[in-house]
């Protein structure tokens, strides 16, 4: 009898969402095959790219299989929230991999391994870039639309939570790459800001995906608005403090030294952190605006 619960559902394959996921699987498999066959990868950046392609392919395959067999109904999570959150994350991961791989492995001249390797690396870059649009299409299809009841992660505010957490990971990577953040107490304060906001954002996403928000003893939407407001204030302070103690000549280095090694230059890491701190500040502010809008609409409907 348990076997009767598992049956083939062809509807996902015939929908636009199913077409997007099949493109993701096809392009992801092609990318991994090209890298494994001849394009190759090495060092930390190459390992990251390969991890992105393998991880996204594996999760997409599980999601596609679960939809085809309707087994996702047996999982103790909010399936719609999980799939749209993963699609957003996969889009961001593929975008970074599509930028990192050609920057570190693709040159106009042929490598020592031969011109065939360069051609394979071009094909990898193209397939990875096109796959970004496949995952982006899934986000576009499953996003919140007027008049439709959807999960929180499908709203602009929910999608921004994923982007905020991802950008925080980029900041952490730059911090770990000789950023010299421990030289000043104010820059250590910035690290606390990044860590605190990242942790709470991940908790918000985890609670939403697990479907546990309704069991909380406090109004979840109000908590999200208050936290987002505080995150805006914290990131605003970090956006001021970090550049001052990194690039002001009294505390840091205004310009990049000519002999600073590529990939291991503290000034580069400081610049990356400053740029993405401002980016996350804009995202949190936008999130605050949309969070207020969601609450207003829900209260008006009530």
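Cβ coordinates come from backbone N, Cα and C, glycine included.
Automated prediction, rather than curation, is the source of TrEMBL annotations.
Record features (TrEMBL):
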DOMAIN    12-147  domain 'MARVEL'
DOMAIN    152-296  domain 'MARVEL'
TRANSMEM  45-64  transmembrane segment
TRANSMEM  84-106  transmembrane segment
TRANSMEM  118-137  transmembrane segment
TRANSMEM  149-176  transmembrane segment
TRANSMEM  191-211  transmembrane segment
TRANSMEM  223-245  transmembrane segment
TRANSMEM  271-290  transmembrane segment
Long-range neighbours of the transmembrane segment (191-211), counting only residues six or more past its ends (CB under 8 A):
76-78, 81-82, 85, 151-153, 158, 161-162, 164-165, 168-169, 171-172, 175, 181, 220, 224, 227, 231, 234-235, 237-238, 277, 280, 284
Grab the same-chain neighbours of the transmembrane segment (149-176) for me: Cβ-Cβ under 8 Å, and only residues 6 or more beyond its ends, written as numbers and ranges.
78, 80-82, 84-85, 88-89, 92-93, 96, 139, 142-143, 191, 194, 197-198, 201-202, 204-205, 208-209, 213, 224, 269-270, 272-273, 276-277, 279-280, 283-284, 286-287, 290-291, 294
Determine how many residues of the domain 'MARVEL' (12-147) DSSP places in helix, in strand and in coil.
113 helix, 0 strand, 23 coil
So what's the average pLDDT for the domain 'MARVEL' (152-296)?
87
